Amino acid sequence: MSHVLAAVAWPYANGPRHIGHVSGFGVPSDVFARYMRMAGHDVLMVSGTDEHGTPIQVQADAEGLTPRELADRYNRVIVEDLHGLGLSYDLFTRTTTRNHYAVVQELFEGMYRNGYIVPKTTMGAISPSTGRTLPDRYIEGTCPICGYDSARGDQCDNCGNQLDPIDLIDPKSKINGETPKFVETEHFFLDLPALAEVLRQWLDTREGWRPNVLRFSRNLLDDLQPRAITRDLEWGVPIPLDGWRERTDKRIYVWFDAVIGYLSASIEWARRSGDPEAWRRWWSTDAEGKDSQSYYFMGKDNIVFHSVIWPALLAGYSGEGARDGEPGRLGRLNLPTEVVSSEFLTMEGRKFSSSRRVVIYVRDFLERYDADALRYFIAVAGPESNDTDFTWAEFLRRNNDELVAGWGNLVNRSISMAAKNFGEIPAVDPAGLTEADEALLAVARAGFTTVGDLIARHRQKQAIGEAMRVVAEANKYLSEQAPWKLKDAADKPRMGTILHVALQVVSDANTLLTPFLPHSAQQVHQLLGGTGVHAPMPVIEEVEDLDGGPGYPVLTGDYTQGARWESVPLPVGRPLAAPKPVFRKLDPSIVDEELARLGG
Ligand SMILES: [Zn+2]
């Protein structure tokens with residue numbers, strides 16, 4: 001057993017989640033965490049909403065809200081969305097907690113002391129008419145990279161690249177249209193070149209990464225430049241240095257604070273658990289954290305932050321770069337074991353776009369369909385290692401032909417027949433098992449090794465394919481054995497044996513599918529007469545800020561109960577009732593209805 005950190009990218013709190021957001025890494029990280037817990041590992045799964053930065057400030061300005069008010073709204077919406085999908089976070093929190101501010105400032109100070117954060121004179125914008133600093137969000141111009149004509153001072157929303165206001169072509173103040181004047185100003189920079197060697201050594205020892213992620217990360221090291229980590233902005237974490245702490249016009253840059261969330265959320269979880277030092281078991285490089293592994297889940301547009309920036313921060317804080325140094329009070333911190341990046345999902349052949357209504361929000365989806373129907377689609381057809389397309393026709397087909405006609409049918413017919421003819425889990429005939437019985441049981445048992453290994457190696461598409469192969473074998477077995485034909489009293493023992501075998505394989509397949517389909521797995525467990533928690537679920541809790549800030553909702557849960565990753569023999573004689581269908585067959589008319597909802 002080891003300690004496994006499942007660190008999931010932080011959704012930006014400027015709107016509800018759509019299914020593209022949760023397909024790449026939201027659901028897959030939950031599948032991974034659930035499997036690792038079932039296999040006996042001590043898992044800590046953390047994330048939260050990312051709430052600082054210019055876009056939230058701009059949107060809040062437009063709606064006449066404070067940034068905190070806007071973040072409060074979407075933090076809650078996102079917590080509810082993720083809860084609806086059954087994502088089993090130990091803690092899903094947010095970046096506006098006082099705990100997060102303190103941890104971000106601790107990392108900043110530690111890196112600064114070690115010389116990996118350096119002040120640099122750079123060119124900042126001021127308004128010529130007022131002489132005051134012009135925050136990044138008030139400057140607009142043409143993106144020098146893609147030519148988009150409404151790029152902001154800190155970022156281009158079209159190509160996603162980070163910018164400096166001075167890079168913009170034809171910059172203009174959004175307040176009064178004047179051309180800003182650029183004057184010398186001081187900002188802090190992360191000295192990435194001083195950390196390049198330690199990053200290269202770390203990348204050289206990585207195993208099992210998707211090759212494109214490793215290649216991309218190595219290429220980034222060839223051209224590392226110092227990177228600005230403070231901005232002209234009022235909304236964010238204050239700079240924790242004398243002479244800077246009180247300044248309201250300079251803040252730590254949102255990407256610097258957000259990646260530190262993995263650590264601050266782990267610390268918050270530990271503080272809430274009653275053992276404030278417990279986080280060290282997943283993070284520390286000394287004895288207590290030595291067996292720990294950390295897996296970071298994100299979309300491919302975020303690789304740089306997880307394979308370069310975040311490890312650079314951890315190494316710099318630990319005093320491990322070219323300038324050496326001493327670890328801060330949190331001690332020496334582990335670098336990521338693996339960066340698991342997914343590709344993109346498109347919708348009916350187009351990019352997701354809220355403004356063009358090429359979108360389906362998680363909450364709307366869950367109003368009309370079951371969470372496990374979406375989780376199934378994501379597992380079999382999600383953007384694991386290629387960009388993939390969500391279409392309603394394909395969703396319908398996967399749901400009806402595979403989930404309902406394959407797995408749902410196996411559950412339904414085997415339990416119905418056993419309930420009707422025996423009213424309980426039947427015994428195996430003393431005459432024993434046939435070759436066909438043994439073969440099917442062996443296929444199911446072997447699934448624990450193959451499916452488990454594939455999930456551990458982030459090959460979830462193949463993993464669920466193997467689990468569904470067990471389902472297909474069991475359906476074939478039932479058709480061939482035809483227990484419904486064994487009507488005579490003399491044949492009843494053989495009928496009992498067939499149904500016993502079928503139910504055992506249903507139970508095993510259900511365990512294999514539990515990480516993917518936790519809601520229905522709990523139901524199938526109960527249909528087999530099981531009691532108690534099979535697949536634990538997250539809960540939303542309203543909590544106080546630990547350090548006196550405003551309260552907020554978190555997603556958390558007790559995941560110590562639940563099925564283990566093993567075949568459990570079904571107890572003969574356990575009562576069975578006639579089952580209710582676990583999955584819903586969808587009417588083909590939903591395809592046209594859903595397409596009509598999409599914007600042109
Ligand atoms: Zn651009």
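Glycine is no exception: its Cβ is also placed from the backbone N, Cα and C atoms.
Annotation comment: TrEMBL describes 5-414 as domain 'Methionyl/Leucyl tRNA synthetase'.
The motif ''HIGH' region' annotation in TrEMBL covers 11-21. Under DSSP, the residues of the motif ''HIGH' region' (11-21) split into helix, strand and coil as follows: 3 helix, 2 strand, 6 coil.
Following the DSSP three-state reduction, the secondary structure of CYS146 (Zn(2+) binding site) is coil. Annotation source TrEMBL lists Zn(2+) binding site at CYS143, CYS146, CYS156, CYS159.
Taken together, the residues in the motif ''KMSKS' region' (351-355) have a mean pLDDT of 87 on the 0 to 100 scale. According to TrEMBL, the motif ''KMSKS' region' annotation covers 351-355.
Residues near SER354 (ATP binding site) in space but far in sequence (CB under 8 A, at least 6 apart, same chain), listed by position: GLY15, HIS18. DSSP assigns SER354 (ATP binding site) to coil in the three-state reduction, outside any helix or strand. Summarising the annotation, TrEMBL assigns ATP binding site to SER354.
Taken from TrEMBL, the feature domain 'Methionyl-tRNA synthetase anticodon-binding' applies to 434-550.
The binding-site residues in question are CYS143, CYS146, and the one with the fewest Cβ neighbours inside 10 Å is CYS146.
The most densely surrounded of the binding-site residues CYS156, CYS159 is CYS156 (count of other Cβ atoms within 10 A of its Cβ).
Shown in sequence order, PRO144, ILE145, GLY147, TYR148, ALA151, ASP157, ASN158, GLY160, ASN161, LEU163 are the same-chain residues outside CYS143, CYS146, CYS156, CYS159 whose Cβ sits within 8 Å of the Cβ centre of the Zn(2+) site. Each residue in the domain 'Methionyl-tRNA synthetase anticodon-binding' (434-550) gets a DSSP state, and the totals come to 82 helix, 5 strand, 30 coil.
With a cut-off of 6 Å between Cβ and the nearest atom of ligand 1, the binding-site residues CYS143, CYS146, CYS156, CYS159, SER354 reduce to CYS143, CYS146, CYS156, CYS159.
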